[in-house]
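These features come from TrEMBL:
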ACT_SITE  His179  active site, proton acceptor
BINDING   Gly10, Ala11, Ser12, Gly13, Gly14, Ile15, Gly16, Asp36, Asn96, Ile119, Ala120, Asn121, Met230  NAD(+) binding site
BINDING   Arg83, Arg89, Asn121, Arg155  substrate binding site
DOMAIN    5-147  domain 'Lactate/malate dehydrogenase N-terminal'
DOMAIN    149-304  domain 'Lactate/malate dehydrogenase C-terminal'
Amino acid sequence: QNNAKVAVLGASGGIGQPLSLLLKNSPLVSRLTLYDIAHTPGVAADLSHIETKAAVKGYLGPEQLPDCLKGCDVVVIPAGVPRKPGMTRDDLFNTNATIVATLTAACAQHCPEAMICVIANPVNSTIPITAEVFKKHGVYNPNKIFGVTTLDIVRANTFVAELKGLDPARVNVPVIGGHAGKTIIPLISQCTPKVDFPQDQLTALTGRIQEAGTEVVKAKAGAGSATLSMAYAGARFVFSLVDAMNGKEGVVECSFVKSQETECTYFSTPLLLGKKGIEKNLGIGKVSSFEEKMISDAIPELKAS
């Protein structure tokens, strides 16, 4: 069943281009439709020469958006502006909230059954916006709307592996909560394989995972935020989702979704994915007292977002 029809909204941008490349490269994808307000015909022409079976087509501007979305199984939304040094993810809100509201309204109208994967920051706010837009159009399904937090997991796995001399591909750290600063809660106590750190090292590692995005923003010195690692993480999430939609069993990814796991309306936890999106929320599980405190500290900020 390797015939997923995937749309990327914001396909010409810093995340959109490498994300589209990874999707084009996957045998899971049969049709790739690319949308943006500039450059998409060129990006699509370029990608269409790659010797994989996904058929690629570019769509330009709002009047072409409906055609881009029709018949899609999965829509990925990396559209929006990136952070510059000194900015928080919340500083993007005014611009990106409007962009996400506009794009998700089109999804609600033209592919209401599709899985919606939102990358655009601040994810802690753009997911509630997406939910409200879908409610307004009468097509809301909380099991099909995902805030992509996979980059936090990818970073946690990488940093733990570096510190312990492990193969990062074999490390799995669940990261729960949200996708900004102290709302990013890596559950190192649940890491597989099991790892132990002295408290000072654990505190530093946790801080690095929480501020890893800012590390990239600073290193790029005004040229943007995480694009390549985010494209990798976004593709990883989409491939997991499509595998589950194809009937693969036991696919688990963390994602920021509508949740009853805490007093927050939206919260990221490990999710068992299935043919219809979220099959089961696996919840927070057993946590250490250090992690427990991070959860209680994050809740007010998540509610405010």
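A Cβ is built for glycine as well, from the same backbone N, Cα and C atoms used for every other residue.
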Across the domain 'Lactate/malate dehydrogenase C-terminal' (149-304), average pLDDT on the 0 to 100 scale: 98
Tally of residues which DSSP labels helix, strand or coil - the domain 'Lactate/malate dehydrogenase N-terminal' (5-147): 64 helix, 30 strand, 49 coil
Cα separation, Asn96 (NAD(+) binding site) to Asn121 (substrate binding site) (Å, whole number): 7
Neighbourhood of Arg89 (substrate binding site) by C-beta distance under 8 A, where only residues 6 or more apart in the same chain count: Arg83, Asn121, Pro122, Val123, Asn124, His179, Ala180, Gly181, Gly213
Residue with minimal Cβ packing [other Cβ atoms within 10 Å] among the binding-site residues Ala120, Met230: Met230
Fewest Cβ neighbours within 10 Å, where candidates are the binding-site residues Gly10, Gly14, Gly16: Gly14
CB contacts for Ser12 (NAD(+) binding site) [other CB atoms within 10 A, all chains]: 22
Greatest inter-residue Cα distance in Å for the substrate-binding set Arg83, Arg89, Asn121, Arg155: 18
Maximum Cα-Cα separation in Å among residues Gly10, Ala11, Ser12, Gly13, Gly14, Ile15, Gly16, Asp36, Asn96, Ile119, Ala120, Asn121, Met230, which the record lists as binding NAD(+): 18
